Amino acid sequence: MLCWGNASYGQLGLGGIDEEIVLEPRRSDFFVNKKVRDVGCGLRHTVFVLDDGTVYTCGCNDLGQLGHEKSRKKPEQVVALDAQNIVAVACGEAHTLALNDKGQVYAWGLDSDGQLGLQGSEECIRVPRNIKSLSDIQIVQVACGYYHSLALSKASEVFCWGQNKYGQLGLGIDCQKQTSPQLIKSLLGIPFMQVAAGGAHSFVLTLSGAIFGWGRNKFGQLGLNDENDRYVPNLLKSLRSQKIVYICCGEDHTAALTKEGGVFTFGAGGYGQLGHNSTSHEINPRKVFELMGSIVTQVACGRQHTSAFVPSSGRIYSFGLGGNGQLGTGSTSNRKSPFTVKGNWFSYNGQCPQDIGSEDYFCVKRIFSGGDQSFSHYSSPQNCGPPDDFRCSDPSKQIWTVNEALIQKWLSYPSGRFPVEIANEIDGTFSSSGCLNGSFLAISNDDHYRTGTRFSGVDMNAARLLFHKLIQPDHPQISQQVAASLEKNLIPKLTSSLPDVEALRFYLTLPECPLMSDCNNFTTIAIPFGTALVNLEKAPLKVLENWWSVLEPPLFLKIVELFKEVVVHLLKLYKIGIPPSERRIFNSFLHTALKVLEILHRVNEKTGQLIQYDKFYIHEVQELIDIRNDYINWVQQQAYGVDVSHGVTELADIPVTICTYPFVFDAQAKTTLLQTDAVLQMQMAIDQAHRQNVSSLFLPVIESVNPCLILVVRRENIVGDAMEVLRKTKNIDYKKPLKVIFVGEDAVDAGGVRKEFFLLIMRELLDPKYGMFRYYEDSRLIWFSDKTFEDSDLFHLIGVICGLAIYNFTIVDLHFPLALYKKLLKRKPSLDDLKELMPAVGRSMQQLLDYPEDDIEETFCLNFTITVENFGATEVKELVLNGADTAVNRQNRQEFVDAYVDYIFNKSVASLFDAFHAGFHKVCGGKVLLLFQPNELQAMVIGNTNYDWKELEKNTEYKGEYWADHPTIKIFWEVFHELPLEKKKQFLLFLTGSDRIPILGMKSLKLVIQSTGGGESYLPVSHTCFNLLDLPKYTEKETLRCKLIQAIDHNEGFSLI
């Protein structure tokens, strides 16, 4: 051991020497053949811990700080600690803390401000005593200020006690001195790697390099850009990105070591202790310029001086106050910048000089500083080992984290037979959010040091692998312990406000734990976890949303699937029956799960769909709840102003309506919602008409009205007649049920007449003779023609017709691209829509975007124009201002494609589409429609072609003499299944009025076949109003085939049979 600095009280442990100051490093004979584990320096005393766990002290003992009454000039053993294996010590001005290998803390010395934590009334304690209030807590680090103390536990809890004159306890401005350890609750949840204390200021350092400081700040020693004391922990933002791995404090200054080996200093600089070649104070962290060419691996602070070790040269550098020789430079001069400590330093990787005895060279193991003294533990070159590196943490001094080594250790014990300390270790780890937040860090490229509002610093794949390795059927005791810790200790302690982004990580990782997906744990773990998540304050929730938004899709889907499973589980319980006494808690649970999904859905939408929207669909909803009833309840809640946008706790008394969370509905469920909404509106319109009619009996000025919207049309003038009626129709009348009458036909419209009306009028309106729409040969689709002589009234009519079709649950045949439905739902068409409408043009645009070279102008020869046909002639349109003069290049090609798409789908047809849009929404607007995705709305308007002919046969009903196994029915289905697809579709058109099936699928298409009189010479007859087929009792298969084909080939017109 080498010692230098103030020896006036014997604090260097050199024995009875004459000098009061030692100007350069001097060997201590006492430590020959002894290995030092730790050194603590007080203002006038020093404590040494040897490798065997024994403690020695020397120096001033006026306040009992040595823990014994022996000699003060040379180190003497503290016999009271003889039975303890001490691993670390820390010293205040005149008090000492010692930590043993069991995590227990012993204290002695001055206790004027409660800095010993013993809750006693004595001014001084001369013999070490155990701090009993910490005896049940496993402490891994201790630190001392002059009159206060800090401790870090294995569970990442920070405790403080002693003086709080300057706020150095971090407990708030109202807090007086504390005589027993107090938990700093404001830091809960953060994963810490170090605690440090200066004269009257304190620091904690997180695993990802964030620093929180509090206490005295007269000289800027907290690095917060001012000189105001802090009474609660404050984040030192300027160092967050610097990968800080170690921090130490002097009386009024601070030094921080980076992962790359740089040193930042700040605070009091009056003696040059900051190393910036000045005596100025620094209120912001500043890098020590003269050390920037070297990699520093150790840094230590004395009262007003700083030491740094550079392993490449083996040298120790010091700067600051030198009046007591503490710089080791051979003089008492102060140094304002790093200066080499005198000595024959030997680099661990170097070669020992041959001409000098190796005993004259020192190979530094570790440096220590404190008060006005400095020490260096060294070895001779022949015994030289690697020096300590403060950038690498000692696992024994760190908090619990879930890692490969720890899991292997736990799994190494046979199931059901691991010792109590292992159970305590598992419990401690999974009871602490701080420990979980320090687990699964992204260590590749030191990524976790970039933790912030946009990056979590977590390796999610590591989290998944380690959780699955830990939770195994072969080790049920581990799973049970983890589940119990999460349920009883971790989750109940979660709060809505969090001190830092690092305290949020477990919200990201815990869903990867298989225990969360176990339905047995839904109500005890998953739902309480969701409640804590939903109740987070706006700022931390926003950060969590940011982190979710950059997850890999499968990881994001995992969280979505988890809470979908929770919802289904709860709804199944609800269907079985919930006792009235449990309804309130059930409501709360269901609201929680749905609110979590709502947050995740919001994130998904903001990111442009991290996962497909249909991944949020809960297909079981239709089976588990009455959607119609749910919708009616939701409408009533809206009418009475019930707000479900706030937290879960207030929602327990409000019945859950799934309609509040419409993103879980699949297309079929949404269709049911829309139909329910339409039925409600129709009923309201009918009721209003009835009320008006009743009033008209007593008040002649009030006209009677029809409760239905009646369209009387002629087949030969179907468009003109419909326009005439609809033009005069009031908006409110569109909400009435639609009844269609064809002039000269006897059919009563029970649905079939209406079906054919829509079929015929759309065929007429879309006919090229009107020139309203352009047909695209490549895609066989139509789009609005930008050159039409028709006024906007016709487009308005088509919009109304489409709206009426949806409103009256009728499929219509529209050959529009998906872009139409996007625009109806206020979504922007994209290049994909151009590819659908104009495949060749779309491919060309994609080739332009994908072209890898820079010579786009020469290769494509494009400018911001589009060439359109105008009655046989071509016309060039500019896509942007001065488009003809703007060449398409690598930088603006995306803008060109966007402008092209915008022209085709928006600008060129704006007035026409606006008329269509207005007509459509006049009938079919509202909140429910906006729940649909564009492809779902398309399927609802035109139906789909997901044919399942066996399902059709299965759902068919029979009347009269027929049943499923009747000979005629058997040959009917044989014939039907042998028909080609086109004939089958014709049969659907013949029987139902449309060759497409409803969005709800074949199961919703109920056909009825009934027997009729007459002979086999009669044709089958359809009643499209009722999807009813009159089928004569054919006995021959071939006869049935011929008659059926003959019937379906002539299917237009209605008459009563």
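The first residue you see is number 1, and the count goes up from there.
Glycine is no exception: its Cβ is also placed from the backbone N, Cα and C atoms.
Noted in Swiss-Prot for the protein shown:
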type     : residues : note
ACT_SITE : CYS1025  : active site, glycyl thioester intermediate
DOMAIN   : 730-1057 : domain 'HECT'
REPEAT   : 1-51     : repeat 'RCC1 1'
REPEAT   : 52-101   : repeat 'RCC1 2'
REPEAT   : 102-154  : repeat 'RCC1 3'
REPEAT   : 156-207  : repeat 'RCC1 4'
REPEAT   : 208-259  : repeat 'RCC1 5'
REPEAT   : 261-311  : repeat 'RCC1 6'
REPEAT   : 313-366  : repeat 'RCC1 7'
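The repeat 'RCC1 7' (313-366) shares the most Cβ pairs under 8 Å with 1-51, out of the stretches 1-51, 52-101, 102-154, 156-207, 208-259. Sorting the repeat 'RCC1 5' (208-259) by DSSP state (H, G, I as helix; E, B as strand; all else coil) yields 6 helix, 23 strand, 23 coil. Residues belonging to the domain 'HECT' (730-1057) score a mean pLDDT of 87 in the model. Note on the repeat 'RCC1 3' (102-154): DSSP counts are 3 helix, 25 strand, 25 coil. Residues in the repeat 'RCC1 1' (1-51) partition by DSSP class (helix H, G, I; strand E, B; coil) as 3 helix, 24 strand, 24 coil.
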